Amino acid sequence: MSATMLAAKLLLVPSLILLLSLAQRRWGAGLAGWLSAFPVYAGPVLLILSVEQGHDFAAQAAEGTLYAVVATLAFCIAYGWTCLRHGVLLSLFAAALTYALTVSILQFVYLPLWLAFLVVLGLLTVAPHALPKRPPPTRSAPPGNIDLVLRMALGATMVLLVTYFADVMGPRTSGLFGMFPLMSTVLVTFSHHHAGPDCAVALLRGMFYGFYGFASFCVVMTLVLPGHGLLVSFAAGLSTVLALQLISKRLMPKNALGTDARS
């Protein structure tokens, strides 16, 4: 492993987590959740897989990542309901178990790319209604220095694990873990702990509206990466994400981002 690649694995995702955490501190939980649905974790993972394993491998991983959006929705819904009555650890356990069970089922699901995309879009449409209805949070959860360090360390660790075991797992499983709800985990658990379940649910709902762009990113990467390489595929994918994220933000209910944002 070259020094440049090691630096990318150690620094890319933690740097993005830092920016997300600062956004949460500045604008509140809902907007942080919406921003976290950008390919903050999966994007760097696919980039590294493309460099280390080849464009075709990364394209297949991107298709697996599209399927994993479904598992992430299940993770978020499980956490959203469990956190109303229980603390962080039990809520996280229930959500992680739900994610693992969903991924184990998805391993046996093979659909044409266009159909898988339509299924994901349909689930994204109904997912916000599957979360408990809660009042907008009255306070946000600005991360402390220790929280930030833990978030960033977890991000770097997950990137190292997924890319290190990519040969063993293969592209599809690597893609499924490339969508492991890392951002959901690090943001929602700290929000739940510091600001309560209403803040956690607001953050999760914001994530749902952001996943439209993420799902489109996976499709673009699957189609473009094999024939056009990194620069063109990532430019096309990120441009698509940005456009759809801006559209989804305009379509969101006014209180979906929470009321704790500060001007």
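Easy rule for this one: first residue shown is 1, then count along the chain.
Backbone N, Cα and C define each Cβ position, glycine as well.
It should be emphasised that the depicted structure is a prediction, and the values quoted were computed from it without experimental measurement.
TrEMBL annotations:
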TRANSMEM  64-81  transmembrane segment
TRANSMEM  88-105  transmembrane segment
TRANSMEM  111-127  transmembrane segment
TRANSMEM  148-166  transmembrane segment
TRANSMEM  172-190  transmembrane segment
TRANSMEM  202-224  transmembrane segment
TRANSMEM  230-247  transmembrane segment
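When each of 88-105, 111-127, 148-166, 172-190, 230-247 is checked for Cβ pairs under 8 Å to the transmembrane segment (202-224), 230-247 comes out on top. Non-local neighbours of the transmembrane segment (111-127) in the same chain are 63, 66-67, 69-70, 73, 76-77, 208, 211-212, 215-216, 219, 222-223; each lies 6+ residues outside the stretch with a CB under 8 Å from one of its CB atoms.
Within its own chain, the transmembrane segment (172-190) has Cβ neighbours under 8 Å at 13, 17, 20-21, 24, 29, 32-33, 36-37, 40-42, 45-46, 49, 57, 60-69, 71-72, 75-76, 79, 83, 88, 91-92, 95, 99, 103, 106-107, 141, 143, 147, 150-151, 154-155, 158, 162, 165-166, 200, 203-204, 207, counting only residues six or more beyond its boundaries.
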